[in-house]
């Protein structure tokens with residue numbers, strides 16, 4: 001059994017109502033509940049945290065180093081394009097992570113095309129709406145099974 005951590009960046013608490021044509025109508029609570037259930041069905045635990053504050057996400061990443069977390073799933077949202085702090089925290093704890101996006105940043109505004117995390121991620125899944133999270137979790141579960 002592995003302990004997994006799912007982090008959501010700024011404004012993702014508004015999922016379901018914020019720009020549904022871009023992000024869909026599924027709420028963050030619905031996404032989290034489905035992923036917790038799937039992780040448990042695979043014999044793993046999943047903790048979920050959303051924050052609009054960069055330092056809260058950084059501190060939770062630091063805590064993951066000590067709490068037995070085996071893998072981090074992260075939708076950094078707008079921090080994707082701005083946060084050296086998240087990059088440094090993820091590199092500092094040395095845990096594998098998957099970068100997730102609901103939309104495909106490469107089909108959007110040019111400032112969204114660069115990620116400070118992608119080149120260090122075990123994988124990047126984007127463009128599938130709420131299914132991006134499910135696909136990311138399935139990839140993590142498969143990797144954990146392969147590596148065990």
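Every residue, even glycine, has its Cβ placed from backbone N, Cα and C.
Quantities reported herein were computed from a predicted structural model and do not represent experimental measurements.
Per Swiss-Prot, active site, proton acceptor is recorded for 23, and the stated evidence type is sequence analysis. Taken from Swiss-Prot, the feature active site, proton donor covers 101. Sequence annotations record features per position, and here Swiss-Prot assigns substrate binding site to 75, 81, 88, 102, 103, 112 based on sequence analysis. Feature annotation from Swiss-Prot assigns site 'Transition state stabilizer' to 18; the stated evidence is sequence analysis.
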Which same-chain residues, if any, lie at least 6 apart from the residue listed as 'active site, proton donor' yet have Cβ under 8 Å of it: 75, 80, 124, 125, 126, 127, 132
Cα-to-Cα gap, residue 81 (substrate binding site) vs residue 23 (active site, proton acceptor), nearest whole Å: 18
Reduced DSSP assignment, residue 102 (substrate binding site): coil
Residue 75 (substrate binding site) in three-state DSSP notation: strand
Distance [Cα-Cα, Å, rounded] between residue 103 (substrate binding site) and residue 18 (site 'Transition state stabilizer'): 13
Lowest local Cβ density (other Cβ within 10 Å) among recorded positions: 18, 81: 18
Binding-site residues: 75, 103 - member with fewest neighbouring CB atoms within 10 Å: 103
Euclidean distance between Cα atoms of residue 23 (active site, proton acceptor) and residue 102 (substrate binding site), Å: 6
Integer Å distance between the CA atoms belonging to residue 23 (active site, proton acceptor) and residue 88 (substrate binding site): 27
Neighbour-count leader, CB within 10 A, recorded positions: 23, 88: 23
